[in-house]
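Engineer: Pulled the feature table from Swiss-Prot, pasting it below:
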REGION    2-11  region 'N-terminal arm'
MOD_RES   2  N-acetylthreonine
DOMAIN    52-98  domain 'Beta/gamma crystallin 'Greek key' 2'
REGION    99-104  region 'Connecting peptide'
DOMAIN    105-146  domain 'Beta/gamma crystallin 'Greek key' 3'
DOMAIN    147-195  domain 'Beta/gamma crystallin 'Greek key' 4'
């Protein structure tokens, strides 16, 4: 049985600054922003998420490294990217994370691309897929039945982050390029539900 995604009603709200420590120019968002450059910002260096979950991107047009931004304060780039192997010191586009419903999240992971090979059903957070019995350090494809998830390259939610949502690609991520991997790898070793 496939659960249908119900978009979060929002409202989403985030305040950003162009300098560290909540200093400099400020702007409030309640909807996606494909480029802060259009607002006269060169970059975003600090932010506060007041409601909803957001996805921040290194480059304009929702490109580059992805960072999940949940409710809280991010006084500098290391607060959102300090746990990654190759942190981006700036964010230039944002969008709300749709379908983030922590209680009802469900995801199927597949060993190979195009939903082939061994599979596993997830409905909880896994700081280490290997500890739950997943062989190897790669996932070939995903089907998001419900909710929104963030996958990380390494155990303990470290390394590159990839956001998976049930309303993007119809919840189907057949290949690493569809979930925004920056390296030609299927390496995913930890997965968690996105907090709303």
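Even glycines carry a Cβ here, placed using N, Cα and C.
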Engineer: Averaged over the domain 'Beta/gamma crystallin 'Greek key' 4' (147-195), what pLDDT does the predicted model reach?
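Structural biologist: Here the predicted model's pLDDT, averaged over the domain 'Beta/gamma crystallin 'Greek key' 4' (147-195), is 85.
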Engineer: Which numbers of helix, strand and coil residues does DSSP report for the domain 'Beta/gamma crystallin 'Greek key' 2' (52-98)?
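Structural biologist: When I sort the residues of the domain 'Beta/gamma crystallin 'Greek key' 2' (52-98) into the three classes, I find 5 helix, 21 strand, 21 coil.
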